[in-house]
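Some features that TrEMBL has for this protein:
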TRANSMEM  A:12-34  transmembrane segment
TRANSMEM  A:68-90  transmembrane segment
TRANSMEM  A:111-131  transmembrane segment
TRANSMEM  A:151-177  transmembrane segment
TRANSMEM  A:184-206  transmembrane segment
TRANSMEM  A:231-253  transmembrane segment
Amino acid sequence: MINQMRADLYRQFHTVGFYILLVFTIAFSLFLTLTQQVGGIMVTDDNKAKQLDTLSHSPWSVLSGLKAVTMSTSILPYAFIALFIIVIGYEFSQQTYKNTLLSGISRLQFIGAKYCVLLIDLLALTLVYYATSLLSSLSAGREAGESWDNLIADTIIMTLAIAFFMSVIFSIGIIMLVSTGSSIVSVVLIVIWPVAISMLTVYAHWSWLKYIDFVTVGLNVAFSIIPIKQLWPYIGVSALTLAVTIIGSSIIIQRKEL
Amino acid sequence: MEQAVLDIRDVSKQFGTFKALRHFNLNIRRGDIYGLIGENGAGKTTLMKLITGLSPMQKGTITLLGERVGSHQQALRRIGAIIESPVAFEKLSVEQNLKLSAIQHGLSGSSYIDQAIDFVGLNEKRKTQAKHLSLGQRQRLGLALSILHHPDFLILDEPINGLDPSGMMEFRNLLKRLNEELETTILISSHILTELYQVSTRFGIIHRGTMVKELTKNELDTANKAGYVVTVDNTPLATQIMDQAGVGPFEVTNKHSILIRNESLDPSQINSLLIQGGVLVSDFRQQEGSLERYYLNLIEGQNSKETIND
């Protein structure tokens, strides 16, 4: 599995698309931080409306820059779909997975490796996204707005929360890809999932949907709207979703005519 | 005792109502270049996918390098394969594709890559992206990818499809070198018998999912011998007469045809014998040696058997 992950990372570093995505991530974070823009694709609730209002009516510090880019992370899954295509979508469209599976790797290791590489990529790019905001705020001469220890701790928590919960949506994309063999269907699902679940939560008032509204959960954790004590059910549902999608994908691929 | 690299026993595979493989048996020994011959749709690719685990098993057992297929994937580490068509990452160069595969196999150092590129003769193209390679070069890249880790057993599904005559010859020579220099056992499929004849040491003829005939190169040479084809109305009676007269060797190739593998016989004498014995001889002609004809006769015979059984 480690060899497969190394191979995927090697291929990724030799793919132009990955560098375009890296440039986009840096440029997007720079743009938001330096022009003091806030926004994203989401269904806004009271908590987030309050955050938006505070950010737009107060002078920006490094901390408010981090909060602003966090508010805009709802855009990131749409951009990071490119990662999904690079890491696993391309393998299925070109059928190169046959070479991979013939190398003696088990189906579970294959899917596990793909998910781990996606998670590593998401963590790395989200970290780049926050680091760019932090450094560009500093270069613009803004005040920290909080102690440096807290700023660094916030950045780490935000990165982990945003990247992890985003990876859960991507894992649903993986099982869809393995089931249908279609990159388009899985990409459409990744695009629709956050908005559809957010809208259903607001309009249908099904409270349980909040556990699978992964983008919003990530945002709420990043903003400490969900306290640590209340976080475990969300992490539990996400972990269960990951287990179902990864094990389910490996069972499907095992039973499929490749 | 020669060790079996591949042992297939009573394997059946069905897609809906279509029976792709029926009670299929095959045994490949270490050092063989086994040519699997069959028309399109005969079941060759299905068989290869079952061996490599790309298709789930339904009935029967396959033992690959001493390990039962379906339970573990360890044996796959010791094989190389091109199934259907060689696949590579289009935007990566020849060298990068091989590097990627080397990482997957846990191989370190560039010696494996250099050896594979040298072996298939792609040195001049090592920096070329896979998408810019010709069909023959892609086949060679596919072969390089499958032999990179020095496999014990190589599985090649119709690797000469689409190659021009010089490409076929090059590929054939590569396979012979692999077998002789690296002692790689090879299973190669094709619907072109004459091409496999030049490279294989053993042959299996597959038709409609069943193994029709297995033979060595010597046996194929014998089977391929020129002779006389006699078309008669009553095959059992004709064979009885020829047996009594000591004519032979001969083989009933289909419901009305007998191939006499003896070019030195007197055709008029046999003709008279048969007519006197009450057999109506409608055709008596000399047959040139032809592998394709042998193959077609065999398939025709098989079709007749199936028609009778139906």
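Cβ from N, Cα, C; glycine included.
Remember, TrEMBL labels are computer predictions, not curated facts.
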Listed stretches A:12-34, A:68-90, A:111-131, A:151-177, A:184-206 vs the transmembrane segment (A:231-253), most Cβ pairs under 8 Å: range A:151-177
Would the transmembrane segment (A:12-34) and the transmembrane segment (A:111-131) count as touching if the test is at least 3 Cβ pairs under 8 Å, pairs 6 or more apart? yes
At a C-beta cut-off of under 8 Å, are there same-chain residues at least 6 beyond the transmembrane segment (A:184-206) that contact it? List them, or none. 41-43, 45, 74, 77-78, 81, 84-85, 89, 169-170, 172-174, 176-177, 212-216
